Amino acid sequence: MDDDDIEPLEYETKDETEAALAPQSSEDTLYCEAEAAPSVEKEKPTREDSETDLEIEDTEKFFSIGQKELYLEACKLVGVVPVSYFIRNMEESCMNLNHHGLGPMGIKAIAITLVSNTTVLKLELEDNSIQEEGILSLMEMLHENYYLQELNVSDNNLGLEGARIISDFLQENNSSLWKLKLSGNKFKEECALLLCQALSSNYRIRSLNLSHNEFSDTAGEYLGQMLALNVGLQSLNLSWNHFNVRGAVALCNGLRTNVTLKKLDVSMNGFGNDGALALGDTLKLNSCLVYVDVSRNGITNEGASRISKGLENNECLQVLKLFLNPVSLEGAYSLILAIKRNPKSRMEDLDISNVLVSEQFVKVLDGVCAIHPQLDVVYKGLQGLSTKKTVSLETNPIKLIQNYTDQNKISVVEFFKSLNPSGLMTMPVGDFRKAIIQQTNIPINRYQARELIKKLEEKNGMVNFSGFKSLKVTAAGQL
């Protein structure tokens, strides 16, 4: 599952959404329930004195002239050189302007143009030094543009004022924007407070990336309070921040009652074993999380054991990544045995790929996978053997499938579709792994299934059978 690739939920009508949120109609009520820290007074930039306002006074001009002409006029207005790439691609759904050195005035010209644009759905503006003025132009544009759905303004050094402007916009809930990437913007504790105050009542944003910022434990407390109230977020990336035990516990406490978040990435932080304990307790209660990444968080065998307690009772988690934690064979055992003891476990992917295991572990894992055939456990290798010799695929699974379909005079597509009850060309990874291992026509083990999935998997957690046509197998059976 790729970072932030959870699809947005179907949008409700405005009346339906407001009705659903009626019990939380005031900020006072929200913050009283969450017991959040005192709010930061928000001083909006004075619009009259701001050089970032979208200044074309004749609003009809936004819609009466072509996009190219409007952009050229906007560039002339703000005094910047037009970007040829933008002109060539302004009718495409994805506009990638990462690393273009646009600056705040270049962003302003683009924002003026996008006010009336109906084709760009995804706007990439990473690393453009857009500053406070640039982000203000973008937020003003989003007040008018109801087509743009995804925005990336990572690595733009937005800081506190940028966070304030974004928070003001998020509180209004009046755009189609559902995916927002704010990675690497030097956001600290006060920024977290502003953003969390806005997100506590925002139901539009489904995917939020706040990785590579400077959040520590106090920010973790704000985020935990927000998660207890938020009814929109499905994916949250907080990797590469500075959360330690206090922040980890606060985050996990917020997740206990959260009913929408499916994907959480907190890798490269400092949860430690106490944070792992909080996560384990959360997994006992949470009925929504599907994907959790706690890679490189200083979690030892003790922490793995504590997470295992949650896995024994959890009925929704599918992916757990524990890569680069100091977990050994003992911790690996506790994890797979917890899954074995849970007949309702939906675990599909356990990543302990820095752990060397024993032959006895592999035998136990075989037994676990017999109960849960959708499960794949990725480990480094077998103790005493080189990594290359640890797993032998024997025969390439592609070749096995080709031989079977040739002998039975059926197409490969027909074989794959027979595995899918819906008869479609796509299938969830876990369901496919279970089906390909359990089918009796072709002897495919879990290692071969893993290789097959690598070739057919898309970034959205689905395998696409049409990808088989592009795979070539040599006479030796190698891809």
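Using the three backbone atoms N, Cα and C, a Cβ is placed for every residue, glycine included.
According to Swiss-Prot, the features are:
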COMPBIAS  1-10  compositional bias 'Acidic residues'
REGION    1-29  region 'Disordered'
REPEAT    119-140  repeat 'LRR 1'
REPEAT    147-167  repeat 'LRR 2'
REPEAT    204-225  repeat 'LRR 4'
REPEAT    232-253  repeat 'LRR 5'
REPEAT    316-336  repeat 'LRR 8'
Outside the repeat 'LRR 8' (316-336), six or more residues from its ends: residues with CB under 8 Å to it: 1, 267, 283, 286-301, 303-305, 307-308, 346-358, 361, 364-365, 368, 377, 379, 383, 430
DSSP-assigned states of the repeat 'LRR 5' (232-253) in counts, ordered helix, strand, coil: 9 helix, 3 strand, 10 coil
Tertiary contacts of the repeat 'LRR 5' (232-253) (same chain, 6+ residues out, Cβ under 8 Å): 3-6, 8-9, 183, 199, 202-221, 223-225, 260-272, 274-275, 278-279, 281-282, 293, 297
Close approaches to the repeat 'LRR 1' (119-140) from elsewhere in its chain (Cβ under 8 angstroms; 6 or more beyond its ends): 45, 50-54, 90-108, 111-112, 147-159, 161-162, 165-166, 168-169, 181
Segment-level pLDDT (mean, integer) for the repeat 'LRR 2' (147-167): 98
Tally of residues which DSSP labels helix, strand or coil - the repeat 'LRR 2' (147-167): 9 helix, 3 strand, 9 coil
